[in-house]
Every structure is written in C-alpha cells, then in structure tokens.
Amino acid sequence: MAKGLFQMIFGTKQDKDLRHLRPIVEHINAQEDWAKSFKDEDFPAQTEILRQKLAQNTSSMEEILPQAFALAREAARRVLGERHYDVQMMGAVVLHEGNILEMKTGEGKTLTCVPSAYLNALEGKGVHIITVNDYLAERDSQWMGPVFKFLGLSVGVILSNMDNEQRRLAYSRDITYGTNNEFGFDYLRDNMKWSAAEKIQPQHHYCIIDEIDSILIDEARTPLIISGQAEDDSRQVNAADRITSLLKECEKNPETDDYYEEDPLARFDKNAQAFDPKGDYKIDEKQKRITFTTPGIKHIEELLLKNKVITGSLYEDDNFEFVHYVTQAVKAHTLFKKDVDYVVADGQVQIVDEFTGRILHGRRYSDGLHQAIEAKEHIKVLGQNKTLATITFQNFFRMYDKISGMTGTADTEAAEFNSIYGMDVVVIPTNRPVVRQDFHDLVFYNEPFKLAAICKEIAEVHAKGQPILVGTVSIEKSELISAMLRKMNIPHEVLNAKNHAREAHIIEEAGAKGSVTIATNMAGRGTDIKLGGSLEARARKICGTDASPAEFQEALEKVRPAWKAAYEEVKSLGGLYVLGTERHESRRIDNQLRGRSGRQGDPGTSRFYVSLDDTLMRLFANDNLKNLLGRAGMGDGEPIEHRMLSNAIEKAQKRVEERNFEIRKHLLDFDDVLNEQRNIIYVQRDDILMDGNLIGRALMSCADIVFGIVRSSMDDPQWKDKAISLLMDAFLERLNYKPSFITEEMIGTDVVALTQEIQTYIADEVTEKVALAGEQQFNDFLRFHYLRQIDMRWQDHLDNLEALRDAVYLRTYAQKNPLVEYKVEGFEIFDAMLEAIKLAIARTIVNVQVRTGASSERRRPVGAMEAKHSGSTQFMGAPQQGGSSGETSPVTVKRIYPKVGRNDPCPCGSGKKYKNCHGRTY
C-alpha cells in the first residue's frame, strides 16, 4: 500500500524515465527540418563536420546528439522509407546512455539502434552490434547498412564461415555486425596469435547487444572455450557406462517423495542398526547433481574389480578417477534426456539450447559429460578436450568502454543487470496500444489431461481458421503433440532443432489463416510473425530470389491486394493465438512467447496450459499442492483457474529466478579471479608481441633468478666454507648452467653486489650471442620462446584452476569459504606460473648456443632444443635434464628462499617495494 501511495505521488520508474527522455526527443524533433534541408550527397559531409567537432573537442557527444539523431532519422526515411517514431528515438537515447532498452516485440528495435550506433561511430573507435545468430547479423547489416552508408559510414559483418582477412576487413569498418560467439572467439583467438600483425579485433569501445537478456543472462553460465585434443580416455568412459545399469537409485518415501535420511540422533545410539540408504545414489534434479552413498561407492568398487577395470582399492590414486567417470555416466543416464537436452544426428551428440530449442553446433559438454552421453547412446566416444583459452560473456562484454542492449523482456531481470553490469532497464511504451488478450492459466491435475485439452483447443481454433502458435519446452514435447495432431488429421508445422533449416519458411507462414505451428521455446526469435503470412515471401515466390530490386518491387505490388485481404481476414478472426504448453522457469521466457502475438497493435490471444506434473511445478511449487488438489477432487480432466494457483506458479518462477541469479553471481565471483589473471597474462603477452627489446626483458628475468639463487646460497650455514660449491650446485639445479667465472674474490661482497657481478658476466655472454646471431633474429628467437612458455603454462594453469575450483567446495566441511580459498590459492598458483615462465626464459638465455657458418657443423649436444628461423643462424639449447629432443622439459617451481610479499620492502636493501624492484614480473 505504501508503495502504491508513493507511486501515486511521485510516479512510477517508467514515468521518471519518460520525463528524462521527452525533452531530448523534443530537441531532436526541432532539428528535423534542418536535416530535411540537405541533399542526399550532403549527408557524408555533415557526418564529417560532426566527427571534427568531437575530434577537436569543440563539442561533446551530448551536444551534437540532436543533430546526429535527426540526420540518422532522415537518412532512414530516405533510404528505407521508414521514419523513426518518437518512442524509437527515446529508445535510441537509452542505448546511447549505456542502458537496456525494453521495447515490445515488433516495435522496430533493429531500426531503433541506428541513431545511437551512428552517433557513437563518429568517435572513430568502432561500434559493434551483437546479434544472437548469423542470420540476424547478416540480415540486419544488409537491412540497415544502406542507411549507414548514406550517412558516410562503412559497415561490415562477421560470419562464422569467414577467414581471418575477411574478419579483419569487417572489424576495420565504422559499424560491425556479428554474433556474440564470433566476437568472443575472435578475442580469444587474437590472444593466441604469435604475431601482432595477425591480430584482427580492435579495441572494445561501444557495443549494442540485441536480445541482451538471451546473451547476458540465458548464456551467462556457458563460457566460450577454445580447446585442443587431450589424452584418450574412452576406455574409462565405456567401462563406467557398462556398470551404470547395475547401480540403483535410492528409494524414496512414497508419502513425501524424498529420499530416506539417517536420523541424526541414531549416530549416538550404540544399539541402533546401521543406516541403509536403500540404493547406490541420489539425484538432485534442481542442481543436476549425483551423490553416491557409502554402500554405493563400495558397490562401484566391486563392479570395477569384477570387470577387471581396476586392481586394488578404489581409493588408490590411479583408481579414484573412476568415481568421476561413473558420476558422469549416471548423470548422463538420469539427468540428460535425448530430444530434450540433446539430439543424436550424423553419429554425433549435439546439444540443444534450452532457451531457443536450436542446436548448438560445435559445442560439447565439459568435464567428461559429453563423452558419457556418447557412451550412453552407443556412438563413438571422442577424446576429451583440453582448454586452451576461455572467457564468459559476462567478462567479455565488461571489457567494452560502454555497453547497451535491447530486448522485449528485461524488466524482470532489472536487479541482475544493475548488480552485475551497472545498467538500468528502461521500458519504452509501444507506438500503438497492445490489444492482445492474455488469459489466465488453465491448470490440470496431470500431463495426460493437459495434453488432451491442448489438442482439443488446437482443433477448435484451427476449425475457425485462426492461426495458432504452440510453444513447447523441448523437442520431445513438440514431437509428442505433433503425433497427437497427426492422429486427428490436423495439418501443422513443427519448428525445432531437428528441422531448423526450414525455420524461416515456417515462421513466414505461421500467421497465415488456418496455420498450426508447434515451436520449441523461442525458435524463430527475432523474426516477425505477420498476420496473413509474409508479404515479402509471397513476392519472392513470383519473382524468385535472384530478382532485381525493381522486379521485387513490382512483385510486391502485384501480391499486395491479395495479402491485404488475407491480413484483414486473419485480423477479424482474432489474430495470432499463442498457446503455451508449459510454464518456463523464467517469467521472461514466457513473456517472450506471448510477445509473438499482438505486435504493432494487431489483435491476438495468449494462454498457458499447466499441469502439476510439469517440471516447474514438480520441482519448485509447494510440495503439498498436488495432494491438496487431489483431495479436493481435481483429477477428472477439468481445468481450474484460481488465484491460489496463479500465485503458486508466480512464486515458483520467482524462486527459480532468484536461484538462477545466485548461481550466475556465484559463478561470476569465481570467474572474476580467472578474469583478473587472464587480463594480466594477455597484457603481458601483447607486450611481448610488440616489444622490440626482448633481450633486455629476458636479462631482467635472469637477474631476478640470479638474485634468488645468490640470496638462498648465502643463507646456507656452510656459505663461508663452501661458497663457490654452493653457488655452482644452485646454478646447475635452477638454471642448468655452470658459472665457471665465479672466483673467491667475488664471494666477499653482499648479495646485491654479487648478483650484479654474476649478471654482468651473463649479460656479456648474451651480448656475444646477439652479435653472432643478429639482434633482430635473437629477439625473434626470444619472442618464440616467451610465447610458447606463456601459452603452454597458461593452458596448464586453466586446468589447475578448474581442479582447484572442484577441490575448494570440499572445504565447506571445514567451515571455510570456498571463494576465499579459491582466490588465495588461485593467485598462489598464478604467481608460481609466472615464476616458472621467468625461470624457463632465464634457462633459455643462459644456455642458448648460436651456430653460424662453419661452426654449425659441430655435433649437436644430446637432448638439445632447437628453434629454426629464416636465415642461416641456428639457436641451440644446452642439454635438458631428463628432456627429450624437441621437447621442453617441465620446470619444477621450487621456492628456495622465503616468500616476500609484493608490498614488502625488497630484501636487496634498495628501499623500494619488492613489486617495484626484484619482484617485477619477467
């Protein structure tokens, strides 16, 4: 009540947002006559004038906004014949201000982003417009591209089938369209390049994300991963799969549908019988987790021993990994369903996007789950992949100086957008009132009753000719309803991951009279369902796809009267009927389905059919709801509509949304640790690509290692008696290098002086090598080794962090915070990785031998490592202990002197902090 009173006095948030936007739009409108006064050829010149104002700092972006937006509006009117409505200009302002625009579907979001993209492109730093798939990226670039070109800007598009040079060209444009995946993968690939000239993605200045809720929320839990082949573990995967059918799920209490749990007090009763969990494992559907019981672990061990897969105890080091393989096998059989979570096509397991119903080509489940599903489906088990580079969409897009986005449904996730990205959600009113009727849910006791009612409703709606879109949550459900409709002889189309190739055609006709379309979730999102069918598709049937613009225009005019009549007829029948067969976990996804109907003031209808067997109701609604309704007599197939049920559904959805938000936030907290480390390593990798004096950098690394060796040797109690011997042994152990130039006279100095003397000798040796090889070739040689060490150790570091992430969760049993533990140990192993790189480079620079001319005929030392470059010079490494030819021996990082904090005084006595003195990276 207090909230309502507050809104009555001060207005809603939407009212406040509109009060801010209206004056800006009035300023834009005031410039419209000015923009109309120019000839077509004048627009590029006006663009250049605005560019110069920004470049010379004579005007700010906000000051030129009215003129820039007026030019963009007039350009769209002349090129497309479409003038931005005031509400679209409001939306463009929202995007420019770095916020999220919620604009109902069909209101022209694609056109809305043009003024904002144009204004921000004037800075000359590039604007990226992100879409959810290649089709939309290509369509939007071709659709809006002529407007930008009319204004004097260049436009490019990134598609999945493009090569490096095509991508470089697209990124060089003022406006670049592409998918979130392509932008993210290009960033990762750029940071694996071995030459600065090969990098293609410029700075991250400003991006507009279409369907931002899909990309930053729905896909937030799925990181982008570039991977390489790891070792083959198909034997273990298949062995685990074979015993899965012999394991038994724990029994549940039939009254509560919960697993039996041990009485906590029974542990203190000496006479109590041992607790029997009545099975080997428990399933947590909400968390998608499998937990083995103590008897279950014992049973697994017995089965593996019986099948001669292992010898000895399951808890021995080499055997315990089978617990993981069996866990994934059970998960594959119990929690992942064919035609729901994945499909099998062309002998491969292909993941289905739970939000769009589309196949995620090229994606594989991680952590061995994909291999477990392959074994379950009896197809070839492909080897696991090793992560080479990874980033989440959350952290990728946070690299941009400014991000904005647009969608038809974001208001329900406003708190998350604000919390994680600092972005506000601004709801813009529709240009025409929405007249769609959204009916209350019909709730059925069980799924068979619900499906029968759905088919009956479809038959009645189809009989009167009203088009109907049936939304399902999985391929399995869409095919089940399709089979039922076939028995009833009702013609229909099915749009799911199995026939995505026909998606555009199916969507084109989904609004035609009498059409019945069954679609999984939001397949076809981003394309309009037009009442009466698609006018453009009808014209293409006449003139063909290769027709000229003039021929296409002629065909449009020819079919327009018939299409107009069909449109009016469907409109009179009530427009598009959207029937949801199940409530999604998120209200936002339900709103997206509803939003397919009633676009741009058209009539429409929507209703959801719900059963108490639905996943949402079963997992998240009140546990006693079904029993209560059953006792009340619900179960004869008649639906009920009641406020209590509507509230139960809404509460269940809110509960899931809150849970998913916490999961995403939790994952981001962990990923932020990796993100900080990734930023450090990528910046240093870029420095190495660009550095023209890697010799100096390598000598600094060597000096740090020498300082550590000298300091630890001088701390040895035997230093006075065996100084030279201790130094020789330490240098041999750490650097595989024998400093034969050390004399008794050098020993009497302090740690800094001795380090400097030794380093001077090493630097002189390196100078001689540089003179023999040539400075450029020596730099290239070092760049090769730096990049190889960084890439190799970074990839191992990613594996180590993943293992650490799994391990820290066990520490909750010791009352420790997993995130804190992960941060502390994560940076310790990161520090060790940097130390390992530094040590490897120091080893390289002191041991490398240069051969030129006649000297190259000398016999190469056994185990030497060689890197060939253009020219006659060859670089040879000294023998590696235990190494093999052509391979880099792994460097064991062992701290031989006490760890000094980054902000502690440097032990050398310089007075500087350690991080600014001998603690410098590299």
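Backbone N, Cα and C define each Cβ position, glycine as well.
Taken from TrEMBL, the feature domain 'SecA family profile' applies to 3-641. Within the model, the domain 'SecA family profile' (3-641) carries an average pLDDT of 86.
Summarising the annotation, TrEMBL assigns ATP binding site to Gln88, Gly106, Glu107, Gly108, Lys109, Thr110, Asp528. Counted within 10 Å of its Cβ, the other Cβ atoms near Glu107 (ATP binding site) come to 23, all protein chains included.
Feature annotation from TrEMBL assigns domain 'Helicase ATP-binding' to 90-228.
Per TrEMBL, domain 'Helicase C-terminal' is recorded for 453-657.
Per TrEMBL, the feature region 'Disordered' maps to 856-890.
Take the mean position of the Cβ atoms of Gln88, Gly106, Glu107, Gly108, Lys109, Thr110, Asp528, the recorded ATP site; other residues of that chain with a Cβ within 8 Å of it are Met103, Thr105, Leu111, Thr112. With the fewest other C-beta atoms within 10 Å around its C-beta, Gly108 stands out among the binding-site residues Gly106, Gly108.
Candidate binding-site residues: Gln88, Thr110. Fewest other C-beta atoms within 10 angstroms, Thr110. Helix, strand and coil residue tallies for the domain 'Helicase ATP-binding' (90-228), in that order: 66 helix, 26 strand, 47 coil [DSSP]. Taking a C-beta cut-off of under 8 angstroms and a sequence separation of 6 or more, Lys109 (ATP binding site) has the following same-chain neighbours: Gly91, Leu101, Met103, Asp210, Met406, Thr407, Gly408.
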